[in-house]
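One structure is given below, encoded as structure tokens.
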Amino acid sequence: MREVILAVHGMTCSACTNTINTQLRALKGVTKCDISLVTNECQVTYDNEVTADSIKEIIEDCGFDCEILRDSEITAISTKEGLLSVQGMTCGSCVSTVTKQVEGIEGVESVVVSLVTEECHVIYEPSKTTLETAREMIEDCGFDSNIIMDGNGNADMTEKTVILKVTKAFEDESPLILSSVSERFQFLLDLGVKSIEISDDMHTLTIKYCCNELGIRDLLRHLERTGYKFTVFSNLDNTTQLRLLSKEDEIRFWKKNSIKSTLLAIICMLLYMIVPMMWPTIVQDRIFPYKETSFVRGLFYRDILGVILASYIQFSVGFYFYKAAWASLKHGSGTMDTLVCVSTTCAYTFSVFSLVHNMFHPSSTGKLPRIVFDTSIMIISYISIGKYLETLAKSQTSTALSKLIQLTPSVCSIISDVERNETKEIPIELLQVNDIVEIKPGMKIPADGIITRGESEIDESLMTGESILVPKKTGFPVIAGSVNGPGHFYFRTTTVGEETKLANIIKVMKEAQLSKAPIQGYADYLASIFVPGILILAVLTFFIWCFILNISANPPVAFTANTKADNFFICLQTATSVVIVACPCALGLATPTAIMVGTGVGAQNGVLIKGGEVLEKFNSITTFVFDKTGTLTTGFMVVKKFLKDSNWVGNVDEDEVLACIKATESISDHPVSKAIIRYCDGLNCNKALNAVVLESEYVLGKGIVSKCQVNGNTYDICIGNEALILEDALKKSGFINSNVDQGNTVSYVSVNGHVFGLFEINDEVKHDSYATVQYLQRNGYETYMITGDNNSAAKRVAREVGISFENVYSDVSPTGKCDLVKKIQDKEGNNKVAVVGDGINDAPALALSDLGIAISTGTEIAIEAADIVILCGNDLNTNSLRGLANAIDISLKTFKRIKLNLFWALCYNIFMIPIAMGVLIPWGITLPPMLAGLAMAFSSVSVVLSSLMLKKWTPPDIESHGISDFKSKFSIGNFWSRLFSTRAIAGEQDIESQAGLMSNEEVL
């Protein structure tokens, strides 16, 4: 499978995107097609039955200019791995039954079932089976089962693909020599290169390589041996992306057309409107150009000038509309260009017909013929001006994305010789992992990494939304795209290119434009039938008024003062107004422009929103479920003290045990593990000891079990909660945690099967957690907390943030979190639940919830499972929950703006089309085509300007007032649902055991 990304120019509304989508999906070999009207990008997935060039031709056949930005192969994932819970197994026979039955499923490659953890790990081929099939098979065996995790299996995360442009082209070689060209690259296969592919046009080389063995600069250096020169084709070509987002070409095109058509329109208006109205004697006295020509009777100089000017505008500036209209009609669809083309052609053709008719049948009184060249020119002029303003406004909707792209520098300085401290400047595309990069004051940081030398203050507003300089020193992480302050430092790169956090943010924002809100489906449907419907209405309008004039003894005032020819003209003019006043673009732009601005504002304030569907989901959320550690609390846990069991009688070296504890905890990335490691690092006694982990097992929901060796001694180490440290062992030891401060987390340690002691660990609540939770409650949301921590710790945090104890669940496993989320969803019939977590052990619950919200810190984003990612910093000041309030406010206001845009677009068409059809003609009110064109041009502009109003968004004051004024104050449906709603009450029993080294106390 391959994926091609194309830039498509000339799309104006959803009818254009629907036309392209329909044609591409009908093409054999195309499996997926996504089009963004705002970013002008088309992303197509296809197989070997079609080529990128043929896809480009299809788009061009639809009447749009198109260029290929990137064409690359998609790495196929042959297998996936999944994790299922299996409840009810009692012995090895149960394990054997489950293993045998699941292994018998076609496509399953490996099955491992654990009786202790009650889990089943499956590796399977997604092309042949699914994890759901395995779950059903387990349940058929008589056991309860749930899917915990379903992710990639053998996808090699170290494998990278690079596309190189050949500057010394292969076509210079003869076919005989060309066959040996491929052989020149074979030596690369021994250096870490997985595959080499030469493009059909011989201009590009696609290489897959292992980035652990080979860097991009190393690859280019080896390629020099072939005798050819290469440059890296960057997927993040900033210049191309910025050019597309700024719409420079479109702005330039419509600006030129607007100037030309407006200048000529002014001349035509002088000839046909202003002079006859202001100085009628000039027309009556037949002063030039209102004088009849001497060589053709009935032909006036005014009309010669008019037909020349109108023909130029109609077939020069208007050629764009003809081309687009013909392309859409070829595929059985219509766009706004079709309506413009039909209306201007009607006015132009009528004028030419009147001119020719007057030449063959001149008036005996020398009366000037009825000519409306000014109408066709003015319509094109108004539309061109409207398009120019609309494109300008649309370019402003993507400023947030443009600013993020601009944060990536084009070059950077790396240490080329460590001993001599020599630096060299390289393009950012050539940056490799583990490079040492020099950052001077004011420079942009090119990659994610860790500071190795020096210190500074850095602007990380792309993460937090606040331009507060964050102090950084040796060992602190830095993020690509952040801007250095006054200091000078060096850092080692950890992720580069498309794997950086900035690249992920840009990717999420761009993909958000491809995700349509369900409400947009209605707009797309209306747009698909809009043009045919308007043309039918225009024809009906013409014939109905002609019929009324023929049978009516008392025609409307607009017709009584005119001849039959004039009445025919008014009927035609009325029908033309119907065609030109209709505006499908307003409907098509209502949703995507608001989504682009809303997601851009969110990104600027540390909130990543994954498209329109997420925005619509947020509008129906009634309940928020919080994780505790890392979400309501800072996640920076600290060991307050270590209590050794007074009954311990084992003959072991305590320093060696602490060294083994540190080595064991190094396996996990859990906040509790990090706290214990820091505590062990602070003890001088074990710094000289080097413990080696021989075996280890992470027991989900309970802790870690390992076998360690230090100084030739072997220890069986077990660290975790009471469920892991067998209750019998605790009872035998007589060791209880009565001396532990209530509200702290407890992690027990056993050595060689006997309880050794416990760690008492504390985690502080975030400084704005209380204000955020109260903000939600003030605005009618139900709040819950589900944690794997013990009862006392859960109560302490709930008390501090203001969550009712009846809505708090403790000692809950990841699977248990899913069960509780389902339980809360089922309350009151249709409860919509948003889960807020930090991504550690939360992925299943985030995926199961109606809306998953991940709190992201550090340099990794929990993007996959969450619908919304809230970015925050690592330090206590920027590690904030306030972003949740921002996410709610932005999402609700953006969705409200979408509905307002659609309401305005529908009201405009519903109101203006009947007026254009002549419902007010009995009262002498008509809508001339020129005014209709002006109204239509500015209707779409007004929708874009409405979306741009979202840029004025300011963060809500969570300390005082909330969002009820725009969420539901004026919603009748919400009023009645709240009036008869009841408060959700927690169940009597919590679900037990959660991942993470926690003690297992009484259930709330």
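Keep in mind that glycine also has a Cβ here, set from the backbone N, Cα and C atoms.
The model shown is predicted, which means the values in this text are computed figures rather than measured ones.
Annotation comment: Swiss-Prot describes 2-67 as domain 'HMA 1'.
Taken from Swiss-Prot, the feature domain 'HMA 2' covers 80-146.
The Cu(+) 2 binding site annotation in Swiss-Prot covers CYS91, CYS94 and rests on sequence analysis.
What Swiss-Prot lists as transmembrane segment is 263-283 (among others), and the listing cites sequence analysis.
Outside the topological domain 'Lumenal, vesicle' (284-303), and at least 6 residues removed from its termini, the chain residues within Cβ reach (under 8 Å) are 271-272, 355, 358-363, 366, 368-369, 371, 373. Residues annotated as topological domain 'Lumenal, vesicle' in Swiss-Prot: 284-303 (among others).
Using a Cβ-Cβ cut-off under 8 Å and counting only residues 6 or more beyond its ends in the same chain, the transmembrane segment (304-324) has close neighbours at 10, 63-64, 257, 260-261, 264-265, 267-268, 271-272, 289, 293, 335, 337-338, 340-341, 344-345, 348, 351-352, 355, 371, 373-374, 376-377, 380-381, 383-384. If you look up Swiss-Prot, you'll see 304-324 (among others) marked as transmembrane segment, on the strength of sequence analysis.
Residues or ranges marked as transmembrane segment in Swiss-Prot (evidence: sequence analysis): 336-356 (among others).
The topological domain 'Lumenal, vesicle' annotation in Swiss-Prot covers 357-370 (among others) and rests on sequence analysis. Averaged over the topological domain 'Lumenal, vesicle' (357-370), the predicted model has a pLDDT of 77.
Outside the transmembrane segment (371-391) by six or more residues, the chain places 12, 247, 250-251, 254-255, 257-258, 261-262, 264-265, 268-269, 271-273, 302-303, 306-307, 309-310, 313-314, 317-318, 321, 340, 343-345, 347-348, 350-351, 354-355, 573, 576, 580, 585, 589, 928-930, 933-934, 936-938, 940-941, 944 with a CB less than 8 A from a CB of the stretch. For 371-391 (among others), the entry in Swiss-Prot reads transmembrane segment, with the evidence type sequence analysis.
Taken from Swiss-Prot, the feature transmembrane segment applies to 529-549 (among others). Long-range neighbours of the transmembrane segment (529-549) within the same chain, counting only residues 6 or more positions beyond its ends whose Cβ lies under 8 Å from a Cβ of the stretch, are 15, 333-336, 338-339, 342, 555, 559, 567-568, 570-572, 574-576, 578-579, 582, 584, 587, 913, 916-918, 921.
Per Swiss-Prot, topological domain 'Lumenal, vesicle' is recorded for 550-577 (among others).
Sequence annotations record features per position, and here Swiss-Prot assigns transmembrane segment to 578-598 (among others) based on sequence analysis.
Taken from Swiss-Prot, the feature active site, 4-aspartylphosphate intermediate applies to ASP627.
If you look up Swiss-Prot, you'll see ASP838, ASP842 marked as Mg(2+) binding site, on the strength of a curator's inference.
What Swiss-Prot lists as transmembrane segment is 902-924 (among others), and the listing cites sequence analysis. Sequence-distant contacts of the transmembrane segment (902-924) (same chain, at least 6 residues past either end, Cβ-Cβ under 8 Å): 519, 522-523, 526, 534, 537, 541, 545, 556-558, 574, 577-578, 580-583, 586-587, 590-591, 932, 935, 939, 942-943, 946.
Annotation source Swiss-Prot lists transmembrane segment at 928-950 (among others), citing sequence analysis. For the transmembrane segment (928-950), the list of distant contacts is 13, 343, 347, 372, 374-375, 378-379, 382-383, 385-387, 389-390, 393-394, 396-397, 573, 576-577, 580-583, 585-586, 589-590, 593-594, 596-598, 601, 893-894, 897, 900-901, 904-905, 908, 912, 916: same-chain residues at least six beyond its ends, Cβ to Cβ under 8 Å.
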Between ASP842 (Mg(2+) binding site) and ASP627 (active site, 4-aspartylphosphate intermediate), the C-alpha gap once rounded to whole angstrom:
8
Between the Cα atoms of ASP627 (active site, 4-aspartylphosphate intermediate) and ASP838 (Mg(2+) binding site), what distance do you get, rounded to the nearest Å?
8
Which residue, out of the recorded positions ASP627, ASP838, ASP842, shows the minimum number of other Cβ atoms inside 10 Å of its Cβ in this structure?
ASP838
Within-chain partners of the transmembrane segment (578-598) [C-beta distance under 8 Å, separation at least 6 from its ends]:
12-17, 36-39, 335-336, 339-340, 342-343, 346, 379, 390, 394, 397-398, 400-401, 512-513, 516-517, 519-520, 523-524, 526-527, 530-531, 534-535, 537-538, 541, 609, 611-612, 615, 890-891, 893-894, 897-898, 901-902, 904-906, 908-909, 912-913, 915-917, 927, 929, 932-933, 935-936, 939-940, 942-944, 946-948, 950-951
State the residues, same chain only, that lie 6 or more residues beyond the ends of the transmembrane segment (336-356) and have a CB under 8 A from a CB inside it; answer 'none' if no residue qualifies.
12-13, 15, 299, 303, 306-307, 310-311, 314, 318, 320-322, 324-325, 328-329, 369-373, 375-376, 379-380, 383, 531, 534-535, 538, 569, 572, 575-576, 579-580, 582-585, 929, 933
When secondary structure is assigned with DSSP, how many helix, strand and coil residues does the topological domain 'Lumenal, vesicle' (284-303) contain?
4 helix, 2 strand, 14 coil
